[in-house]
């Protein structure tokens, strides 16, 4: 699944706003690659418990451990390491002794001897009591009889009876083999009826079958076996807190036997974006119609049919859809039979997880093309069928590429890609039936920009990669979600670079890596392989770390072991585990089979996937020696000292780099090391093209050498290296390693820069500072920040034409620079944009606008009341989703408070503006001075509605929480945000996105305290 966010340019934490903690004494170092107990705890070992309970169990008061210490403890436990500083015990043991002046220890003091005697008496008494109490064992629950094992406390079912299972994860004593599913959705009553026959195999003798069901009204259940004469009715116990049901068998279920469980049920089509849900839309005659579609990942298949809803419980599926005559139905597999006029039967699926099952009942049209015996089809609303040609060509090319690259054919006879009018995610990889938001599948030549084309291509590439990574081979549990999403994201960019090089996607990958490291530098971050249990924890795994960090680590590994070995490793992984479920170690084992002892990939990569954050590598050049040292990019000082150690594949280049050997590589698997060069060099640049997942800091002379290089010979470094230097120096400003003025001094070279990546990164960093200053009400200082940038980019702004000419990179550069200029009233940008808007308005929207500057034109036009009203009327009638998206962003850019409130409220209601757009609207609203306060007020006032619509922990909720708060930088706002979330349920206050929001505000406050005076004085 690809979470949808058009608000990628609005990130939670300015990288240059991080509290300094780099001057602390280095703690003891533990090499994770050498630790024997590195794998995250199994999910069943980590039960959710309220924070208050955790603290009390530890023997602490409610307020005696702050969040950072608590997080450090849990991280240490996760990695199987000692929580307390190992030196603490030694210091404490010596506390009772006096040391003489000559360094020897004297006899204990009288007080010490008395205390020790009392402790000894108590200890002996306790031992005697235990010894003299036969058949009694003391535990924290009290005294229990010997030889009596402590029993689990089982919950009560809805009927008051004992529910026979007490864990969140399902037992493994019964496994599903096959599902026969019959569904009858009624789009008039918005209800559906269903019947499922599940063939199961018994692994361990049991009287109960435990599976999932959520919100289903079960009307009948029977169980049958080959050894029984007839089906037997069975009781069904329900435990809705965990979405579990227990089928109580009339006889013991025997090992090795197959049984068939038949359950009849009914339910309502969901009015959220999860499960089997309903969607309203306008047809080509502007009549309101309904369709029904599915979104099951991660935990919603159970709301459409009773099932074993965990990814490791793979089975085959035969699906039948009973429907009205005027509708059609789609599912994962090809349609094989039409019974009468109302039932579509689909062929039996391959073995797959429940979250990949999908079906749609709607009136859709399609175009198709066959490739390598697979029929590829694109489905859309009839009036939008003219916008699917690009998607079809793209899907066919990418499908052919993946089959050749993996040396594994796509195993199904058909591949459907379907544009859903109302869809919260960006897309969903259901095997054979991929569902998309319309903006990520449809491309209109008249209104879609170069960036729209890149978006559609990227999302298709991502979802097609999932047909192998995720569908053919699936992670065993959600703690390793990155195996699905990290790989799909990596292959998305890799496949686009190989198949559509003109789209220049490597720059986009670079940009998202920068932003992901901002998130990963927070203490609220998490290892990409993390133990998860509750539904909220599982939902929160769908974030930038699982996707982008996972992909970044694969890129780093690929660059280090070289492409051929990497390709052979993933091909080996897919062949070894086809139709199965895996853990992270399975991937590294497959890689090690290829490296064959030359490199222990598992040892290297465990230091990256089991730790949150990333390293800071400090480089100091002395003659022909390069001294390198690693430490974690710490944000705060922690009471419990502990330092991570990564195995870092360093890459570097110099002014004398041998073109046949460059870039050089070095594996830093110790705290520090020295690299010897063959000769002295004028400069050195580490992390070439930012292919590694680490930040680099240089000694002052080396920073000065690189800054001079940019000014005098910028092409000596690649555009990605130049962007990387900009990103790193502003990151280091935030932790006090580099002065703010030095970072701005580096930016002076931009007068000579003509490439998109460095200028985009510079504008991003400056905008972060501008936003903080402006939202503090310091408009004059904010204007001076912009003036500083204008002096560097003025000639480039003046050179831009309002056309769609040039390469993709040049067109993106034009969009970025003109959007910046118009938003800050630079040059004659607004004059030109206003003229184009008025001409378009006078033509009643029929005149074509250059697509790459269309959003800037609309945003400028929406500044007036007449322009805003006209744009809204055009939004409601447009059939181009790309055009509507640009219009909506322009509408949300107004500074009219009433209009902004109306937009957010209308989107939440979901009629005129769909609720799928709400997080994007909020992300746009917060960009204006009045809007950032309105957005936060809106979130507070509508919180309960938001979590009903989008689910707690979902990507939409993560995005709404972070974008509505990330620009706050005062103690008053910090208190307000803390108080609001603490007033909600404990599940809310413990959400990772809430912790991120609070931490971000704290760091913003620190950044302002450290840098505001310097900024005011310099400008």
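Along the chain as shown, residues are numbered 1 onward.
Yeah, the Cβs are placed from backbone N, Cα and C, and that goes for glycine too.
Listed features, source TrEMBL:
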type	residues	note
TRANSMEM	113-133	transmembrane segment
DOMAIN	175-356	domain 'Aminopeptidase N-like N-terminal'
DOMAIN	391-608	domain 'Peptidase M1 membrane alanine aminopeptidase'
BINDING	462, 466, 485	Zn(2+) binding site
ACT_SITE	463	active site, proton acceptor
SITE	547	site 'Transition state stabilizer'
DOMAIN	683-1002	domain 'ERAP1-like C-terminal'
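In this structure, the C-alpha atom of residue 466 (Zn(2+) binding site) lies 12 angstrom from that of residue 547 (site 'Transition state stabilizer'). Of all Cβ atoms in the shown protein chains, 26 besides its own fall within 10 Å of the Cβ of residue 466 (Zn(2+) binding site). The distance from the Cα of residue 485 (Zn(2+) binding site) to the Cα of residue 547 (site 'Transition state stabilizer') comes to 5 Å.
Summarising model confidence by region, the domain 'ERAP1-like C-terminal' (683-1002) averages a pLDDT of 95.
Each of 1, 2, 429, 463, 465, 469, 470, 484, 487, 488, 489, 491, 492, 547 belongs to the same chain as 462, 466, 485, is absent from that list, and has a C-beta within 8 angstroms of the C-beta centroid marking the Zn(2+) site. Here the C-alpha separation of residue 547 (site 'Transition state stabilizer') and residue 462 (Zn(2+) binding site) works out to 11 Å. When Cβ atoms from all protein chains are considered, those within 10 Å of residue 547 (site 'Transition state stabilizer') total 28, not counting its own.
Cβ environment of residue 462 (Zn(2+) binding site): 2, 427, 488, 489, 491, 492 lie under 8 Å away, each six or more residues apart in the same chain.
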